[in-house]
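Trainee: First, the structure itself, so that you have it in front of you.
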Amino acid sequence: MARLLRGFCLCCVLQRQGIGEPSVYHAVVVIFLEFFAWGLLTTPMLTVLHQTFPQHTFLMNGLIHGVKGLLSFLSAPLIGALSDVWGRKSFLLLTVFFTCAPIPLMKISPWWYFAVISMSGVFAVTFSVIFAYVADITQEHERSTAYGLVSATFAASLVTSPAIGAYLSQAYGDTLVVVLASGVALLDIGFILLAVPESLPEEMRPVSWGAPISWEQADPFASLRKVGQDSTVLLICITVFLSYLPEAGQYSSFFLYLRQVIGFSSETVAAFIGVVGILSILAQTVVLGILMRSIGNKNTILLGLGFQILQLAWYGFGSQPWMMWAAGAVAAMSSITFPAISAMVSRNTDPDQQGVVQGMITGIRGLCNGLGPALYGFVFYLFHVELNEMAEVETLGKASKPNMANPTDESSIIPGPPFLFGACSVLLSLLVALFIPEHNLALRSGSHKKHSMGAQAHPHSPPAGGSDGKEPLLEDSSV
């Protein structure tokens, strides 16, 4: 496996120049194209998912994303550690290629499509490599704004792509949408190969390609053990887990929920995604920068979590379309949380450890990407919310408004039970985040002297004394 990865990286050496100097805009284009391709498939995905799994669709959706999330959790630290040694560009290419690999299979073989989606979780960690790329080329005071821009790009990619996909699917069929999405994915891969320059400085790369890699950096369970040894890292990771768990579940099922329970048409769902996406862009660029400067990093995180609680509670109790629109505006404000957390972690991390730390955080999010959809699907199943009427909804279109499948007394009072579970989870996350210290943190990478020693002391070298595993990841810099 290591020999294969080395060969892959060597193949990319000739393409390291790229266009211009490394910049945040290179990262923005990569993220935009990848998620624009997947956004186009929003409507075809709903159709294929229900046709392939007509019974217990939410549960099967949760299982598929559960396997993908678990694999992402296991692989994220390894990908991050390897990118710290061999560079970011090679692993951007690797992650984008395998993340987008399932797209053409949607029309070729739905069963293979869902199988490959599950297995693609091994490389579905583009964000961890992107955040490490951004950390390489930005100063500490610029990092929160840069992370906000990257996160806003994710929202921007969903502003128009679902609407375009829905229109093309209705007018020309799903096949054209899949072909277009595949073309966008290929464009993204070509952009990385030809235009994206390497961001990792030469002096921070290994002396030779045969240099050994510390598996302590790549072991996800070793990362979890380190998390438990440092109170600050533990608090940050618990905050990420409890806040992103309901968010991941929401992403996997919310569009189905709007169609099945609230009665949105395909056009209305696309418009909803577009409006919330635009508001999220404003929140993660303009609003985030203002909040970071005025109230600080930690208070920005707390404010974002507060908005997320309000949003999820509103989704849970809301039964009218206008309630969903209002909650969507609040959801846009809650999108400031993760870039603020990433900025807090990154500014307290040594430059040669950005990939490892961001990989650990992304791994936790990957675990949530598995558990969240499964949790939401199970709760929907318990409350008898199924997709048995979806075919009828697609046929009737605007002529009628779909009702809840198998309505119960509970569902008439609480239309969205999983969202209320999510609100409780985020409330716990908010309570944990209150105890996160904001200042005087620094990542211990084994020795800060490594920076002055150049590539000879890069963290791929075996740790001296074998005691680094017992050292905390974060410590008071005043010591």
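Just so it is clear, glycine is given a Cβ too, placed from its N, Cα and C backbone atoms.
Predicted automatically and left uncurated, TrEMBL annotations should be read as such.
Dumping what TrEMBL says about this protein:
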{"type": "DOMAIN", "residues": "23-440", "note": "domain 'Major facilitator superfamily (MFS) profile'"}
{"type": "TRANSMEM", "residues": "28-49", "note": "transmembrane segment"}
{"type": "TRANSMEM", "residues": "70-87", "note": "transmembrane segment"}
{"type": "TRANSMEM", "residues": "111-134", "note": "transmembrane segment"}
{"type": "TRANSMEM", "residues": "146-169", "note": "transmembrane segment"}
{"type": "TRANSMEM", "residues": "175-196", "note": "transmembrane segment"}
{"type": "TRANSMEM", "residues": "233-257", "note": "transmembrane segment"}
{"type": "TRANSMEM", "residues": "269-292", "note": "transmembrane segment"}
{"type": "TRANSMEM", "residues": "299-317", "note": "transmembrane segment"}
{"type": "TRANSMEM", "residues": "323-345", "note": "transmembrane segment"}
{"type": "TRANSMEM", "residues": "366-383", "note": "transmembrane segment"}
{"type": "TRANSMEM", "residues": "419-436", "note": "transmembrane segment"}
{"type": "REGION", "residues": "447-479", "note": "region 'Disordered'"}
Trainee: With pairs closer than 6 in sequence left out, are the transmembrane segment (175-196) and the transmembrane segment (111-134) joined by 3 or more CB pairs under 8 Å?
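Mentor: Contact criterion not met.
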Trainee: Can you say which of 28-49, 146-169, 175-196, 323-345, 419-436 has the most Cβ pairs under 8 Å with the transmembrane segment (233-257)?
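Mentor: Highest pair count goes to 419-436.
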Trainee: Can you work out whether the transmembrane segment (323-345) touches the transmembrane segment (146-169), with the criterion being 3+ CB pairs under 8 Å where the paired residues are 6 or more apart along the chain?
Mentor: yes
Trainee: Can you give the mean pLDDT for the domain 'Major facilitator superfamily (MFS) profile' (23-440), rounded to a whole number?
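Mentor: Its mean pLDDT is 78.
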Trainee: Verify whether three or more Cβ pairs under 8 angstroms connect the transmembrane segment (28-49) with the transmembrane segment (146-169), leaving out any pair fewer than 6 apart in sequence.
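Mentor: Between the transmembrane segment (28-49) and the transmembrane segment (146-169), which are separate recorded stretches, there is contact, as judged by 3 or more close Cβ pairs.
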Trainee: Go through 28-49, 70-87, 175-196, 269-292, 419-436 and flag the stretch with the largest number of C-beta pairs under 8 Å relative to the transmembrane segment (299-317).
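Mentor: Top-ranked stretch among 28-49, 70-87, 175-196, 269-292, 419-436: 419-436.
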Trainee: For the transmembrane segment (28-49), find every same-chain residue at least 6 residues outside the stretch whose CB is under 8 Å from a CB in it, and list them.
Mentor: 57, 60-61, 92, 96, 99-100, 103, 106, 110, 113, 126-127, 130, 149-150, 153-154, 156-158, 161-162, 164-166, 168-170, 174, 177-178, 180-182, 184-185, 187-188, 191-192, 195-196, 255-256, 259, 266, 269-270, 273, 390, 394
Trainee: The transmembrane segment (175-196): which same-chain residues, six or more beyond its ends, come within Cβ distance under 8 Å?
Mentor: 12, 15, 18-19, 22, 26, 29-30, 33-34, 36-38, 40-41, 43-44, 89, 92-93, 96-97, 100, 103-104, 106-107, 165, 168-169
